[in-house]
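For reference, the structure discussed in these notes is given below.
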Amino acid sequence: MNNSVIVLGGGGHAKVVIEILRSTGYDVSYCIAASDDVPYCVGVPVLCGDHHLSRLLDAGHSKLFPGIGSNAVRGRAAEQALKLGYELVNAVSPMASISPSSIIGKGVAIMGGVIVNAESRIEDLAIINTGATVDHDCHVGFSAHVAPQCALAGNVRVGDFAFLGIGTKVIPEIVIGENALVGAGSIIIRDVPPSSKVINRMHQIVSQRG
């Protein structure tokens, strides 16, 4: 079972990482989710309940990927799996561009179209989602999530468990604090304190056409 992987989760994020894992040579054997209302996740059988982790480990499965979108839930679930003795693998799309001088942790998801540039560091359980760019010397923290089409300029620091919404742009040397939430489309030009929420200016009609 050298290429066999168990995926935690059975939702949309799990679907994407399953296809990435398959494209890199892994055989995804089972998903473990909180519900088995949907019996399959892109063709992978879904088992309901964390108690299956011990049984599958005893059966010879040892590799696991945490395919859960929620930062906090992903962190807790991976911690439980590690305590049982599972090894975390990465789901890195072949369509991503990863600098050879970057450092990538364990249980990391890097989707198609992502660019990670020189000497950046992506910590364990982080998600760098579709089309996001992480420029030189950035640091993305433990179980953080950089959503699709985000752009981090050089030397940006994203704290543990932080979430950057779709299309967020961050200028150089900004620090985004631990557990911060940045709303979609935001342009970040100053540091974001830990556990704070930053919401971009809401939709506003400025004129009518014709």
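Cβ coordinates are placed from backbone N, Cα and C, and glycine is handled just like the others.
What you are looking at is a predicted structure, and each value in this text was computed from that prediction instead of being measured.
Here TrEMBL flags His136 as active site, proton acceptor. Positions annotated as substrate binding site by TrEMBL: Gly69. Here TrEMBL flags His145, Ile166 as acetyl-CoA binding site. Residues annotated as domain 'PglD N-terminal' in TrEMBL: 5-80. Annotated site 'Increases basicity of active site His' per TrEMBL: Asp137, in sequence order.
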Ask   = Fewest neighbouring Cβ atoms within 10 Å: which of the recorded positions His136, His145?
value = His136
Neighbour tally for Asp137 (site 'Increases basicity of active site His'), based on other Cβ positions within 10 Å of its Cβ = 19
Inquiry  = Under 8 Å between C-beta atoms and at least six apart in sequence, can you list the same-chain neighbours of the residue listed as 'substrate binding site', or say none if there are none?
reply    = Gly9, Gly11, Gly12, His13, Ile127, His145
Query = In sequence order, which same-chain residues at least six apart have a C-beta under 8 angstroms from Ile166 (acetyl-CoA binding site)?
reply = Ala147, Pro148, Gln149, Cys150, Ala184, Gly185
Task = With DSSP as the yardstick, break the domain 'PglD N-terminal' (5-80) down into helix, strand and coil residue counts.
result = 29 helix, 22 strand, 25 coil
Confidence summary for the domain 'PglD N-terminal' (5-80), mean pLDDT rounded = 95
Note = By a three-class reduction of DSSP, His145 (acetyl-CoA binding site) is assigned strand
